[in-house]
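Novice: Take a look at what Swiss-Prot says about it:
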BINDING   Cys298, Cys358, Cys361  [4Fe-4S] cluster binding site
Amino acid sequence: MGLTLTQKILSAKIGREVKAGELIEVDVDMVLGNDVTAPVAIKEFEKIGKEEVFDKTKIALVPDHFVPNKDIKSAEQVNIMRKFAKKHGIVNFFEVGQMGIEHALLPEKGLVLPGDVVIGADSHTCTYGALTCFSTGVGSTDMAAAMATGKAWFKVPEAIKFVLKGNLQKWVSGKDVILYIIGKIGVDGALYKSMEFTGNIKALSIDDRFTIANMAIEAGAKNGIFDFDEITEAYVKGRAKREYKVFERDEDAEYSEVYEINLDEIRPQVAFPHLPENTRSIDEVGKVKIDQVVIGSCTNGRLSDMEIAYKILKGKKVHPDVRLLIFPATQEIYLECVKRGYIEEFIKAGAAVSTPTCGPCLGGHMGILARGERALATTNRNFVGRMGHPESEVYLSSPAVAAASAIAGYIVSPEEVE
């Protein structure tokens, strides 16, 4: 049998064909850490006794979870990263003011490219599969070993193929597609497998693809990955500062399952507490009152997400019982929102706009929920206590549904506020 797209990339890295289930050691193209995971990795790296990192250009350190620093402990965490980067001459350390949410920032800076093998000490490292590379989350000890050796080990995953057909309806986006898929297969439906997306992928923008790949981990997947096409090429062009290689799956590649996803049939989706698989069509939600709306994150903080929110919020007001928080994912996105007038309209509507941070998504800072409060968020997880008090609730949706709901005061379709 032939090789899947993920297996093709891994095979090229070790110089022979791999098969599902075998353990392999692979050279990595990028090693990523943030202000939660990198300090642990740095301490482990120092225990190894290496004088230098394997390659100062292939490590990215991005403080994003608790920045700007929310307290003394978070400030100390970032300082560990800062000192380590300076000591080892690490090129890709992104200080406050230059930083962004890591999984939006690295593609934007051209640090992850088609055909790469990327590991990150963050579970949503799978985001970069939108660019036809193998990217996956690891623990801090694996990050430490990779910083020292430039290598990581994996069990080669089996794969599930998702064949996309049709086109997206108005107000339906990549977030709705991945919520629909997770609702269909469950949070363990792709456990340690590669989710490979093919078919009519041209119906999805690159931002849609980032969103879908980002949430592959919410189905338990090892990685998510899209075919390379002209949309991928257009995004990478002008960002890539080195050569990259494009891979294609074999026609006779073996998949554990194959799903056909008809995009025409997907309506806006909402994931109810406390799992991303608890999805319902917007038409089945009922009248769910909300206290807070969050638009942003590594899942939905890109420019197209901001544009959708702008189109819905322009000339309208946030409901008096709702707090709307908007987080552009990078400084570049933030600046473009300023230039286009999005920020002005957000503020006029009654939203609070923040510098890039992961803060509210993980219940870290800048948007914590109190007991009994209910949030609708464009983030990727809605576990118990994810955004604050254990007795709060988090619902997940697209930016379109989130913006519309901020106006209405309860979860609604964008069609209801047009």
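In case you wondered, yes, glycine gets a Cβ from its N, Cα and C as well.
Could you place these features in context, so I can see how deep they sit and what lies close by?
Specialist: Cys361 ([4Fe-4S] cluster binding site) carries neither a helix nor a strand DSSP state and counts as coil. Sequence-distant neighbours of Cys361 ([4Fe-4S] cluster binding site) (same chain, 6+ apart, CB under 8 A from its CB) are Val294, Gly296, Ser297, Cys298, Ala377, Thr379, Asn380, Arg381, Arg386, Met387.
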Novice: If you count Cβ atoms within 10 Å of the Cβ of Cys358 ([4Fe-4S] cluster binding site), leaving out that atom itself, what do you get?
Specialist: 30
Novice: Quick check: with Cys298, Cys358, Cys361 left out, which same-chain residues have Cβ atoms within 8 Å of the centroid of the [4Fe-4S] cluster site Cβ atoms?
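Specialist: The answer, listed by sequence position, is Asp64, His65, Ile101, His103, His124, Gly296, Ser297, Thr299, Gly301, Thr357, Gly359, Leu362, Thr379, Asn380.
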